[in-house]
């Protein structure tokens, strides 16, 4: 058993008291990102090791694995704690997103270790979508690289406001203050172009040696700031969704018998209480909340992030994909939107293509009307292109098959975040963040020949069950 964990349980007065104490700790979700070989997995391993979160059998196994797969000579290869895939261990890299949990006396943490290689950028975006803070690793020998810029931009695009720039491998540059200062100024010059009001902090450290990770470094007396762990324990996280209006996407209509009809889902933002007047969209029908049902019994109110089932006083037509919100709020359904896209497929995203999209519990189709611009990661400039390639990031105009109720992603990630699904393979090919809902549908481009338009009209007339879209943009 983990001796540190056993000591904590003893101090709390038993397992039950310890578990209650854990429930009342705040939770911080963060990810490590940066270029390949910057030491992301090693840093997480060091955090787990120095906070004594490794079980004795894991430590013994780590000693054996370090001899077989390690890249640190006679030292423990802490990266092996999170690099679990055989291909990762053989190549000494991270491919998949690895999640780890640990806690200290002050806070609980969920870590997402994301890959640094450019071809795995889509994995990094997936890991960042649920996080509140990003640790950006920079190799002190190499400075700010393209992947550092790419991951910084994706993190801010996904709504992360807290960035900790961890300048790693300081032991390989003789713990030079000049090197740290130069990289800090270089990154701040780049960060001035990033969107949003960001909280950026810098920590010089050595994940391999443990300098400034969980304890102060004796080799960097010139640095008087907090350690990385102190930053993680004290950073103030304010969830945007808590202050936003109520949004409840219906995931499932629960009808176990004739006497019960509830609408199950996770409250995306705001709060809801018994007796509150709510409105179902897109129908616009109103009712009152009669009960809030949870696994632990009925509640009088619920808050953002909680999984609940709402029972209404009236029997109204609500199905999966509908949205419940406060009755006095106006949120019109829109036929189109401009969307920030991270493209994840080998086949480029091009104007005129149609995809299934899923947003909250709603699934429909969307047509790509145009690509306004992709973003050049090196300098965050915009340029004109014909398509968006694999790992490309850009602003895209979409028109939906049916009007959708949307929020801007920065206001509500649940009702403003969507995924693109290939209609043939059913594979997720892209992630989208609503930049701006639009009340007017874009006019489809006239790039189709007369034969294609006639064939399209013929198919829609005689085979309506195929669901073919009108190439001219009409339904």
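From the backbone N, Cα and C atoms, a Cβ is placed for every residue, glycine too.
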Region 'G2' range according to Swiss-Prot, out of 77-81, 82-86, 87-91, 92-96: 92-96
Which listed span Swiss-Prot calls region 'G1', if the choices are 18-25, 26-33, 34-41, 42-49: 34-41
Region 'G3' per Swiss-Prot - which of 113-116, 117-120, 121-124: 113-116
Which range of 168-171, 172-175, 176-179, 180-183 is region 'G4', per Swiss-Prot: 168-171
Per-residue Cβ crowding (10 Å cut-off), top of binding-site residues 34, 37, 40, 114, 170: 40
Reduced DSSP assignment, residue 34 (GTP binding site): strand
Residue 114 (GTP binding site): secondary structure state under DSSP, collapsed to three categories: coil
Counts by DSSP class (helix H/G/I, strand E/B, coil) across the region 'G4' (168-171): 2 helix, 1 strand, 1 coil
